[in-house]
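Here's the structure we're looking at; comments come further down.
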């Protein structure tokens, strides 16, 4: 990566890190005082996680003095303060080190080490490489490190999904195909080794690189014995990380054509799509030949699987893809993107002609019901979304997003139909009410959902939310539980009693991890529960899923 670009990324990450840790000083100081007094295990765990996180992140973004102090404190906690007999001088040293570390953080902010305006930094890092190198997921409980690695990887040409919640990582990988995962070993909720086991149950071939601040041979050997592609010690050397990633991906990509064909359906895999897209784009740039892509998603396929079994479901998928290929011939290629979702790339075909072909496929599919073992007839239907590539600035990601939005509109407006993105984009989307008293988070959610085409409204407390629901109809409520005036639980109770909208969906967004609270919310009518902090990608997937069922 270009040195000036890397420098800009580091500066941006340093600023975010210092501002965030500066906010935590008062809280950590109080927890340290309490720990010195009674040495409770929960306090020990919180302090250990805090120092361990700072050690790894500060070192990675070149705040070495801060990283060194955090490492000293971690060693003091683990090796000298975890037993029953504790030397008073060790406790004194822990307090002194913590004070020095906080002074270093203050000094960095006060002396203006991070020179330059945010706009300058943004300008320098806002042009990632257009070449698509692969899709990577990063799982780490340190948000600042996640943001930094996301910036580095995106600027290198990777598509990146980040999360601090291991459960969100599992949800994501069930819906998306990724090329590589980077996982921190030490996390408060679940160890990286446990996450590794969970992920490889879903995808046995997924290459995984571990990150750890504990560089002991035992940890390294355990990681490698599990089957990890590699393990890197924090602080992370970004050049080494990039080299490791590219090396691992190169090994996995050296496969023959058979590895790019889905075993069940015979359709190509989504990895082959990336290559075909680049070829089609090159032809457009050199010869002006337009092309289109279409997402196809079977309607009610889960119900078919649940009712008649997976073997029957597999038979449906096989015959579905065979019918599609009969109509495509030389006009395009079919790719299986996962589950019952397929993608077609139509070469030298505009969106109108692509829609005609898809409607012919639809008529054929519906004219031939499937016969089950119980002699039931099952008529298959599917929804489709089309996007046309006719702009040289278009990327694979933006084109697929357009097709995906068109597919969503087809699902939302009754299923069993085809929509062309842009032409049908004026159709009204669902109206969502975001109820959260944190302005920054609320604005981020509103921006993301607004981009997806939803109509967005917001409320900063429970009473305002109830007043708005009394005046307007909302299709979805994103509801925080910790609200001023009227709590989220009380809002749920009143929604249930007053019956604002029978079809209204509710997703809880909460940092409260108490299982009883979650159960109560679901019993009161919430449709789903998402723990903070959460990934916007996971939120988007949950919204799409809940609004199309």
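Numbering starts at 1 and runs along the chain as displayed.
The backbone N, Cα and C atoms fix where each Cβ goes, and this holds for glycine too.
Under the heading domain 'Response regulatory', TrEMBL lists 135-249 (among others). The DSSP breakdown of the domain 'Response regulatory' (135-249), given as helix, strand and coil counts, is 57 helix, 25 strand, 33 coil.
The domain 'GGDEF' feature in TrEMBL is assigned to 289-423.
According to TrEMBL, the domain 'Response regulatory' annotation covers 431-547 (among others).
Around the Cβ of residue 184 (4-aspartylphosphate), the number of neighbouring Cβ atoms within 10 Å comes to 25. As annotated by TrEMBL, 4-aspartylphosphate applies to 184 (among others).
TrEMBL lists 480 (among others) with the feature 4-aspartylphosphate. All chains included, 26 other C-beta atoms sit within 10 angstroms of the C-beta of residue 480 (4-aspartylphosphate).
For the domain 'Response regulatory' (431-547), DSSP puts the residue distribution at 55 helix, 25 strand, 37 coil. Helix, strand and coil counts from DSSP across the domain 'GGDEF' (289-423) read 60 helix, 37 strand, 38 coil.
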